[in-house]
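Beneath this line is the structure, given in structure tokens, with notes to follow.
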């Protein structure tokens, strides 16, 4: 199947990045937590338990047609058909890797986001996107090269889980393992879309929806410190920090957000989150992508150990996954091994993440989708004749 590419956009400076709907449109029930659905149904004169029933139909049974909800009376079904709908992003393209990984390009308006299913052993992880593109400009990430368009809505986030669950189905029937974990590590910076990401994660945790343990839902952030400080008051899930550099000078270069929220500010915020979190077992996951002769030297490992000496953590080393026109190279196995061993000598738990789905550009850092960029950054690149790479997957 052929794929068209349209750019994504998410801008931190603009006031509103959400999708605008006309007042005449039906309400999408996937945009609601169970409490919000109860309030919606109360306005229709219905009792709270109807929200519980609807949530089960939508998320336990994958139902999106009111007429098929047999324990909801016909009067309410007819009422709902007039004012509400159940709508998740549609699958535009599916790609299956030789290692069992599946990547879906999902349609959101006239753009596409990417969602990745990663089975391994007795678990299967779904990597979910939070924005159409990304505004953070991390130099080693394919998504960042697409620019930014907008935040995803709650329904567009939880709808990725719903759509994937529908396709994966029951393990005993399809031979494909059901989703056991969800990671907010797809396209976008989740903490720049808190108003939609948090309700979506609440639905993931809700027993009337997916009922995932808070230890099986992970939010990964590049370090939007004020939002992380706020998140600890809103929800408790597993936390992963995209650190990728052991000092501010290098992190400023490869992750410009560090110029605003430096490493100390970020790690102080992490400590506050861990102090109140039950989901993290007292430890945060540190993600560190290895770039050949950029951040993978022995001196970098020693610096990283110093940065993390007071932070209970597990370190995930991520072999960098190439994308077109990227300015970096992949670290050799010997450099990866040396980096890992150096950190382990300090007593850290250090895992080298296995690359999955790289044959379909579904590996970490390779997600691109189709983004209509709205940032001045890519407009400037076009002005000065620099090519903007849009990947066709």
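Cβ coordinates are placed from backbone N, Cα and C, and glycine is handled just like the others.
What Swiss-Prot says about this one:
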ACT_SITE  114  active site, proton acceptor
DOMAIN    120-359  domain 'Radical SAM core'
DISULFID  127-364  disulfide bond
BINDING   134, 138, 141  [4Fe-4S] cluster binding site
BINDING   188, 189, 220, 242, 243, 244, 321  S-adenosyl-L-methionine binding site
ACT_SITE  364  active site, S-methylcysteine intermediate
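Taking the features listed in Swiss-Prot, we show where each one sits on the structure.
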residue: 127; record: disulfide bond; DSSP (3 states): strand
residue: 138; record: [4Fe-4S] cluster binding site; DSSP (3 states): coil
residue: 188; record: S-adenosyl-L-methionine binding site; DSSP (3 states): coil
residue: 220; record: S-adenosyl-L-methionine binding site; DSSP (3 states): strand
residue: 242; record: S-adenosyl-L-methionine binding site; DSSP (3 states): strand
residue: 321; record: S-adenosyl-L-methionine binding site; DSSP (3 states): coil
One should report the C-alpha separation between residue 220 (S-adenosyl-L-methionine binding site) and residue 138 ([4Fe-4S] cluster binding site), rounded to whole angstrom, as 14
Expressed in Å to no decimal places, the gap between the Cα atoms of residue 242 (S-adenosyl-L-methionine binding site) and residue 134 ([4Fe-4S] cluster binding site) is 14
For residue 134 ([4Fe-4S] cluster binding site), the number of neighbouring Cβ atoms whose distance to its own Cβ is within 10 Å equals 30
One finds that other Cβ atoms within 10 Å of the Cβ of residue 321 (S-adenosyl-L-methionine binding site) number exactly 22
Check: min Cα-Cα distance from residue 134 ([4Fe-4S] cluster binding site) over recorded positions 114, 127, 244, 321 goes to 114
Of the recorded positions 114, 127, 138, 141, the one whose Cα sits nearest to the Cα of residue 243 (S-adenosyl-L-methionine binding site) is 138
Three-class DSSP assignment, residue 114 (active site, proton acceptor), comes back as strand
When the recorded positions 127, 138 are compared by other Cβ atoms within 10 Å, fewest goes to 138
As a whole number of Å, the Cα atom of the residue listed as 'active site, proton acceptor' is distant from the Cα atom of residue 189 (S-adenosyl-L-methionine binding site) by 14
Residue 141 ([4Fe-4S] cluster binding site), Cβ-centred 10 Å count of other Cβ atoms over all protein chains shown, is 27
Keeping only the recorded positions of 127, 244, 321 whose C-alpha lies within 10 A of that of residue 141 ([4Fe-4S] cluster binding site) yields 321
Rounded Cα distance in angstrom between residue 189 (S-adenosyl-L-methionine binding site) and residue 138 ([4Fe-4S] cluster binding site) is 11
Residue 244 (S-adenosyl-L-methionine binding site) has its Cβ surrounded, within 10 angstroms, by a count of other Cβ atoms equal to 26
Of the binding-site residues 138, 188, 321, the one whose Cα sits nearest to the Cα of residue 127 (disulfide bond) is 188
